Amino acid sequence: MSNQVPLKRLFKVILVIRCVQALLTRTFFQADEFWQSLEPAHYMAFGYGELTWEWSFGLRSYAFPLIFQIGYTLVKYAAISCELIVQTATDWVLLFVANVIPNSEFGWEMVQEMRSFPEEIRGFIEYQGVIYAPKLIMAVLAAIGEFHVILLAEKLYKLTMDKSDDSKGSDKKHSTVINFTLVATVSNFFNCFFITRSFINSFEMILTSVSLYYWDWTSGEHIESFDFLKSLIIGTFTVLQRPTNAFIWLILGGYMILNLVLSKRWRKLFSLLIKVICASFISISTNLCIDYYFYGYITIPVLKFIKFNCTSSLSKFYGVAPWNFHVFQSLPIVAGYSLPLLIHSFFCSLTKKRFLSPLVNPFLQIKTVVLLNVILYSLIPHKEFRFIYPLQPFFIILSVFDGIWLLQKYGSTATTRTMEFFSQVMWILPVVSMVASMLLSTLHESGTVAVMDYLHSIRNIDSIGFIMPCHSTPWQSHFHRNDVKELWAITCSPPLHLLTDPDANAKLPFYMDESDYLYDNISKFMYQHFPPVFRKSLRSPGKQYTYEWPEYLVIFEDLDSQFMNDYLVDSMYIEETRFFNSLVHWDKRRSGDIIIYHKMP
């Protein structure tokens, strides 16, 4: 009897898991999670926020933040609706007291108390929505992406299944493929930690997963199908968000073209060309409209992105990693506990099916994509773990099919006792992986998020200043206040003036941003950019200071122990509270707790 796994139920399972995970996540990973997605969306939805230089320069497409703007807008109108409902209820209570119990002291006290309810309800709902709506949006997107990875695994299984196995438990193997893929994707450490965070790389991986499912893995048999057109549209749209995603599609497209040419299917080749043109037109037109909406003029950010990252040396401003970074660091972190299976998959066929040409084998194509992409990404000077995250669907597919291949090869000869032991311990790594990711998602660097929530809760604030490495905390996407007169932080803009300088490569190592100047000589920076902290009478006559001492001062413990604690002695500042942030940190400047100083009147 067939033991089919209900795929629709799987989507619900993934969705619940990712929603819980997203709602529990309260830590900071990297600045782009907030500053390149939520902050511009907040700026457009609520009319205030801080746009980084990338948005002023036109380097980013607004397609990804637009999703969050839609969520924010719904939240805003939901809050207004609730305010109107509560206001109506308050008015009815007022009418009741005035006409029925006009002499009741308690009634009038209740009316007085309720006057602030509508505004408070609106503020509460709006703030909670601003915090949690993006999390739920990413949870839904993550579930869609991971569900399509499972569908892709099922599709590849059916395509590569040896027909001679039809009567030999193929239904059981089918269920095994789906179940293994579910466990592999849901329990993957980096998926658990990263996929529901509002990074463009998460969005890129999700779109890539969906597009790969609709891709024609027969190398041309289904080129004329609507599913293939959907794959091309999503794929080209993804490239417009992250140009390096083209590394994937150029390789898969190259395989398809080569197979069509070798088999002399010229009509199919012509159909492919037409489909690519149509898909590109749809994607580019859509993206142009979205970016015109944000920027107010026609622009193609992907061209500026390529210019900044490929034709200039300015990307090195954000760090240069060794050539083997992705091999020895990114791959183990992104692939997680399935890394041994991923490596082993390159040394076995993964399928018994014989194809008319080896070039048609989907697993060969996938291995080529992984190998060449890792090489190409390794050639880029600036490297981060998340840059290879779009390859995650390939990592999972190769790991799952390699695990099944090993199970088939050695499972039949293993003893019952061995198989029982294996079935019991096989859950250890997935469970440990999920627990470890949740500990990081709830504890490590939690202070940088908690401090913004705390500042939001303070009723009346005149000014806030952050003396710490730039973009160390979220901004209005978590603070959500436009009633603070001064809200500032130390900056770190790159040397855009070197973009067209032929000597940029030589000058770049000597460029220092504001954060660099701060930590290079803290006391000098304070003297040059801040007035005396003790008395206004000590200010230099006529001198303009970059910053004024704020009512609330936010710093890391490292700066406090190095300088600020002694510097603020006998000043009007007292330590109001502190938040745990990390036990250890790769950046010493961000080590320890986050401390809030309050300047007393």
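Along the chain as shown, the residues are counted starting at 1.
Every residue, even glycine, has its Cβ placed from backbone N, Cα and C.
In summary, of the candidate residues N179, N309, the record from Swiss-Prot lists N-linked glycosylation site for N309, whereas the others have no such entry there.
Simply put, out of 270-290, 327-347, 387-407, 387-407 has the most Cβ pairs sitting under 8 Å from the transmembrane segment (176-196). Just so you know, of the glycosylation sites N309, N521, the Cβ with the fewest other Cβ atoms around it within 10 Å is the one at N521. Proximity of distant same-chain residues to the transmembrane segment (66-86), defined by a Cβ-Cβ separation under 8 Å and at least 6 residues beyond the stretch ends, is recorded for 37-38, 41-42, 44-46, 117-119, 121-123, 125-126, 129-130, 133-134, 136-137, 141, 198, 290, 293-294. By the count of Cβ pairs under 8 Å, the stretch nearest in packing to the transmembrane segment (133-153) among 243-263, 270-290, 327-347, 387-407 is 387-407. Between the CA atoms of N309 (N-linked glycosylation site) and N521 (N-linked glycosylation site) there is a gap of 30 Å, rounded to the nearest whole number.
Packing against the transmembrane segment (360-380) from elsewhere in the chain are residues 156, 159-160, 217-219, 244, 247-248, 251-252, 255, 259, 309, 315, 323-327, 331, 345-346, 349-351, 387-388, 391, 394-395, 397-398, 401: each is 6 or more residues past its ends and has a CB under 8 Å from a CB in it. Beyond the transmembrane segment (327-347), the same-chain residues lying 6 or more positions past its ends with a Cβ under 8 Å from any Cβ of the stretch are 184, 188-190, 363, 367, 371, 374, 378, 383-385, 387-389, 391-392, 395-396, 398-403, 405-406, 429-430, 432-433.
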